[in-house]
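Asker: Sharing a structure with you now.
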Amino acid sequence: MHELWLCKRIVEIIKQQATGNKCRKVKKIVLEIGQLVAVDKHALNFSFKVITQGTIAQNAELSIVEIPGEAICNSCQQIVPMKQYYDECLVCGNHSLTLTKGEELKVKSMVVE
C-alpha cells in the first residue's frame, strides 16, 4: 500500500512549508494527481487521516485534482487523450505515443492559519 508512504511524504512537505512560513495549523491540502498514477484515492484519503493525527495537518481537508492523461502521437503529431499506458492514437491508431500529462503527483497548495 504505497498510499501510506505517499501520505508520509506529503506530511514531510507540509511540515517543511509550515515551518518556513510559521504556520500553526493546516486546514486544506490540494494535491494534483495524474490519471495514470496508480493511486487509490480512497486509500490515500484514509492514510492521510491516519498519518496526520497529532500533526499540524490533523483534520485538514484533502482535495485531489485529477490531471487527465495526454500524449503526442509520434506518427501523426496529434495531441490525444490517454487513459492508460499503451493506448493507441485516436487519430491514426499508432501505439507510439509520448506522454505529456498524467503522471503528476504533487502538493499544489495549502490553506493554513
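Counting starts with 1 at the first residue shown.
Backbone N, Cα and C atoms are what each Cβ position is placed from, and that goes for glycine too.
Copying in the features that Swiss-Prot gives for the protein in this structure:
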type	residues	note
BINDING	His2	Ni(2+) binding site
BINDING	Cys73, Cys76, Cys89, Cys92	Zn(2+) binding site
Asker: In terms of DSSP three-state secondary structure, what is the assignment for Cys73 (Zn(2+) binding site)?
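Answerer: Once the DSSP labels are grouped into three classes, Cys73 (Zn(2+) binding site) ends up as strand.
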Asker: Across all protein chains in the structure, which of the binding-site residues Cys76, Cys89, Cys92 has the highest Cβ count within 10 Å?
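Answerer: Counting Cβ neighbours within 10 Å, the top one is Cys89.
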Asker: Counting Cβ atoms within 10 Å across all protein chains shown, which of the binding-site residues His2, Cys73 comes out on top?
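Answerer: Of the binding-site residues His2, Cys73, the highest Cβ count within 10 Å belongs to Cys73.
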Asker: Identify all same-chain residues not among Cys73, Cys76, Cys89, Cys92 whose C-beta atom falls within 8 angstroms of the centroid of the Zn(2+) site's C-beta atoms; report them in sequence order.
Answerer: Asn74, Ser75, Gln77, Gln78, Val80, Leu90, Val91, Gly93, Asn94, Leu97
Asker: Just the number: how many Å between the Cα atoms of Cys76 (Zn(2+) binding site) and the residue listed as 'Ni(2+) binding site'?
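Answerer: Counting only the Cα atoms, the answer is 37 Å.
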Asker: In three-state terms from DSSP, label the residue listed as 'Ni(2+) binding site' for me.
Answerer: helix
Asker: Could you measure between His2 (Ni(2+) binding site) and Cys73 (Zn(2+) binding site) for me? Cα positions, answer in whole angstrom.
Answerer: 31
